[in-house]
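A.B. asks: Sharing a structure below in structure tokens format, with a few things to ask.
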């Protein structure tokens, strides 16, 4: 607009402007509206610089002020004045819109090229997790140290790789830029060409490496307890191998819940009549934002009064009472989704706890273990304990819903917060996070008591809490040390598969196997394999964690109900009893 106005006074202005158009026109033969619709010339011109095959505004900071080419304000082509901060936000938004489709196509191409290798990697992760669970029964001590040094070695390799990438970028053009300079980009590969990115990864991995080493030093006296619990858990899983398949059933149930929530959410979002509104390219039409009918729009007076105006879809809506409560229905649908997800997880925990409890309370193992213990425990949970599981899931869903509402309010009111409100927000987030963790811990132990005694949720939660409080020291040892070992196992599985996938997708194993070539972003299948491997390992080791927790609660109950005499013998093995309890158990043969 400015150039057309200046063209009438000085023809040289158009000569300068035309060099940025697709074709060097001698004069503006088209109208301004037609030029913009045909995308022949840019709406506005700003000082810029090339970076990674993209044209970015030449941002710089002078005396704490963001500038572009020594200027802080610009004409945006529509008669309005914009500052450099608005220009940066607009550049980021435009880059997202333009790159989103291209990035999606490239990611789809990478998945189409590597789907076979992704399935192979996930299958290897499943076999590796299964092998670890089986080997834990016989070589728990060896596998513990294998987990430990394997994780330390994988993290050390990551540190070395980050340092090498950081060194290779020394002297590369534009590698010294920071995330602040390029903003938020949909093309994630751009971040991997910055030294700052690899330096940050290296620092994070170094902190993680030091943390694991310190944990091993401080927990060295508790490792024997963890190994004994792992051996006992491996025996239970060995006698009830169907428990390793149960995570697949949980995954199916969770997929059904997620699909149900997504379908209802889409139906709610698209319910009503499609609303179309008038969109004018120059923003000068007096009928802009009015509702219109796209079928007859070109024949109406609006189209004649506003050349170039279009009738485009805006949203689904309506004025009925139902449409006024669409947001409330979406919130309710989200709450039901959280409730269903927690119920499925609670059902799995109760079923597994019932199966492992039947193993523990069998005096002569495995002869006294009932047939099909997992199937029996699952049926018992469905038939008798559905209400208790639903009530426990409801409590957890309410806490999670409050957390989500708090996060939503934080994002919506982020610009209007002062220091006091930010402090209160952090306190509330911390409190709700702690509350959610406490409710999850209490629910899990309540489900174990439900599986053992069949009482309702409230009584089971009270009994579990009192039992754990009477054995608080044993709980601290068992829970933290065992969780640490299982987390190492998950990281080891995901790390091993991740290293193999990295070497394969970056074509660094040409002598052994030829991997996929011509990938747009090798990190797309790599992250998919690593995340999938971690989830698979989490599924296997979560069964293990539930097994150990059930055995521990049964052990605490066993100590209070029995005294090791012939009339009231202990159900735990003598070896594990001697490790978990200071008083050694006299073998049954010596008592007789």
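Every residue, even glycine, has its Cβ placed from backbone N, Cα and C.
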A.B. asks: Out of 49-70, 71-92, 93-114, 115-136, let me know the one TrEMBL marks transmembrane segment.
C.D. replies: 115-136
A.B. asks: Do you know which of 305-333, 334-362, 421-449 TrEMBL annotates as transmembrane segment?
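C.D. replies: The range carrying the transmembrane segment annotation in TrEMBL is 334-362.
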A.B. asks: For which of the residue intervals 10-35, 166-191, 244-269 does TrEMBL record transmembrane segment?
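C.D. replies: From TrEMBL, the annotated transmembrane segment range turns out to be 244-269.
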A.B. asks: Among 115-136, 198-219, 334-362, 382-406, which stretch has the highest count of C-beta pairs below 8 Å with the transmembrane segment (484-505)?
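C.D. replies: Maximum Cβ contact count belongs to 115-136.
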A.B. asks: State the residues, same chain only, that lie 6 or more residues beyond the ends of the transmembrane segment (521-541) and have a CB under 8 A from a CB inside it; answer 'none' if no residue qualifies.
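C.D. replies: Apart from its flanks, the transmembrane segment (521-541) reaches 106-107, 110-111, 114, 117-118, 121-122, 125-126, 128-130, 132-133, 188-189, 192, 244, 247-248, 250-251, 486, 489-491, 493-494, 497-498, 501-502, 505-506.
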A.B. asks: Under 8 Å for C-beta pairs, could you tell me which stretch among 115-136, 198-219, 382-406 has the largest tally with the transmembrane segment (142-160)?
C.D. replies: 198-219
